[in-house]
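Take a look at the structure below.
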2 protein chains.
Amino acid sequence: MIRWNEVSQQTQQALLTRPAVNASEAVETSVLEIIDEVKTCGDQALLKYAQLFDKRTNARLRTPMQEIADSEKQLTSKLKAAIDQAYSNIKAFHHAQLPQDIKLQTTTGVECELKYQAIDAVGLYVPGGSAPLPSSVLMQGVCAQLCGAKTIVLATPVNGDNAINPAILYAAKLCGISIIVESGGAGAIAAMALGTESVPKVNKVFGPGNSYVTMAKQILSQTQTGFAIDMPAGPSEVLVIADERANPNFIAADLLSQAEHGADSQVILLTNSAQIIEQTKAAIDKQLQNLSRRSIAAAALQNSALILVESVEQAFEVSAQYGPEHLILQLADAAPFMSLVKNAGSVFVGDYTPESAGDYASGTNHVLPTYGYSKVYSSLNLLDFYRTYTVQSITPQGLRNLSSAILPLANAEGLDAHANAVKVRLETIQND
Amino acid sequence: MIRWNEVSQQTQQALLTRPAVNASEAVETSVLEIIDEVKTCGDQALLKYAQLFDKRTNARLRTPMQEIADSEKQLTSKLKAAIDQAYSNIKAFHHAQLPQDIKLQTTTGVECELKYQAIDAVGLYVPGGSAPLPSSVLMQGVCAQLCGAKTIVLATPVNGDNAINPAILYAAKLCGISIIVESGGAGAIAAMALGTESVPKVNKVFGPGNSYVTMAKQILSQTQTGFAIDMPAGPSEVLVIADERANPNFIAADLLSQAEHGADSQVILLTNSAQIIEQTKAAIDKQLQNLSRRSIAAAALQNSALILVESVEQAFEVSAQYGPEHLILQLADAAPFMSLVKNAGSVFVGDYTPESAGDYASGTNHVLPTYGYSKVYSSLNLLDFYRTYTVQSITPQGLRNLSSAILPLANAEGLDAHANAVKVRLETIQND
C-alpha cells in the first residue's frame with residue numbers, strides 16, 4: 001500500500017508515469033513502406049497485406065451490400081437488441097450535440113457568421129485483434145451518420161477464412177454505412193488517406209488501433225495535405241476515486257475491466273481508506289480467477305497502483321495531475337466534488353456507474369484521450385466530424401465604420417495593400 | 001488568360017497546386033537541437049538565441065508589467081482607437097461562441113453530460129519578421145481571455161536594441177495578458193511546450209510562424225505528451241470569385257493585399273468575364289507600383305492565376321476543389337450561391353467586404369486553415385481553447401435498464417470483466 005503523503009515527490013511522479021510506448025524505428029520503417037506501396041499499387045497492396053498479416057483466404061476487399069443488409073439474421077435476438085439499445089442511447093446523446101450556426105452584427109453594416117460544415121468524407125477504423133468490436137463501430141458511426149458526411153468508409157481486418165463479423169455489419173448498417181473495407185493495419189489507414197480503386201479517399205480518419213495503425217495515422221496526418229486524424233492514441237487507463245464506504249467488489253471489478261483491455265493498460269485507485277485498499281486487493285485476487293483474459297489483466301496490474309490519500313480532495317488533485325482517460329467516482333455524494341474534476345476523458349459518477357456502461361451503452365462516446373492527452377484533447381464528440389468557417393458581409397457604410405480600425409492597423413503592420421483594399425472602395429462611396 | 005474548360009485536367013490540377021513547402025532536413029535538425037537545448041538549459045538557451053537570431057542586445061526575457069501597463073502612452077490616439085475597435089468586434093464575435101454544457105437522460109436512470117473545460121495554460125505566438133503584428137495578438141488573445149485560461153503566455157521576438165512594440169503590448173493588455181516572453185522562433189515554442197525558469201509550460205500553442213516555428217510546433221505536438229497545437233501551417237492564399245459587373249480595382253486590391261504577405265502567397269481569380277481578367281491585370285500593374293512591399297507581391301503573383309470559368313457555379317466547384325484560406329465573393333447577389341461555399345477558411349461576401357476587414361476588424365478570426373487544410377480544419381474559434389469531456393451518472397435502476405445492452409455486447413467482444421463490473425452491481429440490487 002502506497003501512502004501518497006509519505007513517499008517522495010519522485011516516487012509520486014513515478015507512480016503516475018505511464019508505461020513507455022515509444023514506437024520502434026522498425027514500426028516506422030515498415031509503415032513508410034506500406035504507405036508507399038498503397039500509393040503505388042492500391043488494392044493489390046491491400047490484398048497482399050490481408051493475406052500476409054491476417055492470413056486471409058478470401059480475396060475480396062469490399063463487403064457486398066447484401067451481406068450488410070442480411071447481417072441481423074445471423075445475430076441472436078439478445079445481441080441485436082443490445083446493439084439497437086446502445087445505438088439509440090449513443091444517438092440521443094450525440095444528437096444533442098448538433099451544432100448551430102452563429103450570426104451577429106459586430107458593427108452597424110458588418111455581419112459575421114460562424115458556420116458548420118460536415119467533413120465530406122470520413123474513415124472509421126475498427127481494430128480486429130482478439131475480438132470484433134461492434135461498440136467501436138457505433139461510437140464512430142453514429143457521429144458520421146448524424147453529421148451527414150457524404151462518404152463514410154469503415155475499415156476493419158478480417159482473419160483467416162472467417163466471414164466479417166455480423167455484429168460489426170449490423171452496427172454499420174444501423175449507422176447507414178455501406179462502404180466496408182475488409183482490410184486492417186497501416187494499409188487500411190493509408191488506403192483511406194490516399195484512396196485506392198476500392199477505397200474512397202477520406203479527409204479524416206477516426207478510431208483506435210495498434211502501433212502500426214497509430215504510426216500510419218501520425219505520418220499521414222503530417223504529410224498528406226488536407227488529411228487529419230481524430231486524436232493521438234495511447235494505452236487505455238482508469239483512475240478510481242473511492243471513499244471509505246465504497247464497495248471493494250465494485251472497485252475491483254472496475255479496475256479489472258480496464259486491466260483486461262491490454263497488458264499496457266494502467267489502473268489506479270485513490271482512496272482515503274486503508275481498509276478499502278486491503279479489501280480491494282482481496283477482491284481483485286478473487287475476481288481475477290474467473291476472467292478469460294486473466295493473464296492480460298494480471299500483466300496490466302503490474303503497471304498499476306492502489307494509493308492511500310489523505311482526503312478525497314487530495315485524490316482529485318492527484319487525478320488532475322495524472323489526467324485519466326476514465327475517472328470513476330465511487331463516493332457517497334460526488335456532487336460537491338464535481339468542480340474539482342479536471343483533465344478527465346469521461347467521468348463515471350456513483351456506485352452504480354461502471355466504466356463498461358460508458359464503453360457500450362450509456363450514450364457517451366468511448367473514444368477518449370488517454371496517456372495524459374486529456375489535459376488538452378476532447379473526448380470524441382459530434383463536432384469532431386465538422387469544421388467551422390466564418391462569413392462576413394459588409395455594407396459600404398459598414399466598411400466606412402470599420403476603416404478607422406483597419407487603416408491604422410494596416411499602417412502599423414506595414415501592409416499598404418491591406419489598407420489600399422479599403423481605400424479603393426471608400427473612394428467609390430459618396431460621402432453623406 | 002487561362003480558360004478553365006479549354007485546358008487539360010492536368011493543367012487544371014497544376015493551376016491549383018500550391019508552391020511546395022517541404023521543410024528541409026536542415027530545418028528539422030536545427031529545431032531538434034534547439035528543443036534539446038531549451039530542455040537542458042532553459043532561459044540560457046533562449047537568451048543565446050535572442051542574441052544569435054534577433055541580434056538582441058537587451059538580456060531580458062520577460063516584459064516588465066509596468067511596460068505593459070504604460071504601453072498605450074506610446075501609441076497615437078488613432079492607433080489606440082483602432083486596436084480598441086478591433087478588440088471590441090473580435091470579442092463580440094467570439095463571445096457569441098461561448099459553449100454551453102449539454103445534459104440529457106438517455107434512458108430512465110441514465111444521465112449523460114457533455115462539459116467544456118477551458119484549457120489550463122495556453123501559449124500564443126506572434127511572429128516578428130518584417131513588422132509587429134498587434135492583430136495577431138488580438139485574434140489569439142481574445143479567445144484566451146474569453147475562455148478564462150489560467151495561464152496565458154505570449155511569445156514574440158524583439159529585434160536588436162528595439163523595445164518591444166507598444167501596439168503589441170497594448171493589444172496584450174486589452175486581452176489581460178501579463179506574461180510576455182521576448183523570444184521568438186523554435187526556441188520560444190520549445191520554451192512554452194517544455195517550460196523554463198521564465199516561461200510557464202503550456203498545454204497548447206497557437207499562432208503562425210516561419211518554417212522553424214512550424215517545425216517546432218509539429219515535432220513537439222508529436223513528442224510531448226499532453227501538448228497540442230492549433231492547426232498545420234502554410235503560406236497564405238486568397239481566391240476571388242467575381243462576376244462580369246465586379247470592380248477590377250477592388251479585385252486587384254484584394255489580390256495584392258494577399259500577395260504582399262509573402263513571396264509564397266498564392267492568389268487566384270475565377271471569373272466568367274474575359275474583360276474582368278484584362279481589366280484586373282491592368283489594375284494590378286497600376287496598383288503594384290505604389291506598394292512598399294511590391295517586390296514581395298510581384299513574386300507571389302508568379303504562383304498565381306487569373307482563370308476564366310464558364311459560370312459562377314463552375315467557379316464554386318473549382319474553389320471547393322482548391323479549398324482556399326480566404327474566399328472573396330464579388331458578386332451582384334451572393335445569396336443564391338452561399339450553399340455552394342465549401343472548404344473555405346473565411347468568406348468575404350459582396351463588393352465592400354475586402355479580406356483586410358477580416359484580417360483586422362470585422363470580428364472574425366484571421367487564423368485560418370490554409371494549404372488545402374480548409375477541407376478538414378476549422379478556422380480558429382473559441383472552442384479551440386476548450387476541451388470537452390463527458391460525465392455519466394447512473395442509478396441502480398438505470399444500470400439494470402442498461403444491462404440488457406452492456407452484457408450481450410461485452411460477451412460478443414469477449415470482455416468478461418466488463419460484464420462482471422455490471423453483474424457484481426446487479427447482484428446487490430434487490431429485485432422488485
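The backbone N, Cα and C atoms fix where each Cβ goes, and this holds for glycine too.
TrEMBL lists A:GLN258, A:HIS261, A:HIS326, A:ASP359, A:GLU413, A:HIS418 as substrate-binding residues, and of the candidates A:SER236, A:SER292, A:SER304 the one it assigns to that same site is A:SER236. Mapped onto three states, the DSSP output places A:GLU413 (substrate binding site) in coil. Proximity to chain B (Cβ-Cβ under 8 A) holds for A:ASP359, A:HIS418 out of the recorded positions A:SER236, A:GLU325, A:ASP359, A:HIS418. Among the binding-site residues A:HIS326, A:HIS418, the residue whose Cβ has the fewest other Cβ atoms within 10 Å is A:HIS326. Less than 8 angstroms from the CB of A:GLN258 (substrate binding site) sit A:SER236, A:GLU237, A:VAL238, A:SER265, A:VAL267, A:ALA300, A:HIS326, A:GLU355, each of them six or more residues away in the same chain. For the pair A:ASP359 (substrate binding site) and A:GLU325 (active site, proton acceptor), the C-alpha distance works out to 12 angstrom.
Its own atom aside, the Cβ of A:GLU413 (substrate binding site) has 20 Cβ atoms within 10 angstroms in the protein chains shown. For the pair A:HIS418 (substrate binding site) and A:GLU325 (active site, proton acceptor), the Cα-Cα distance reads 46 Å. Secondary structure from DSSP puts A:HIS418 (substrate binding site) in a helix.
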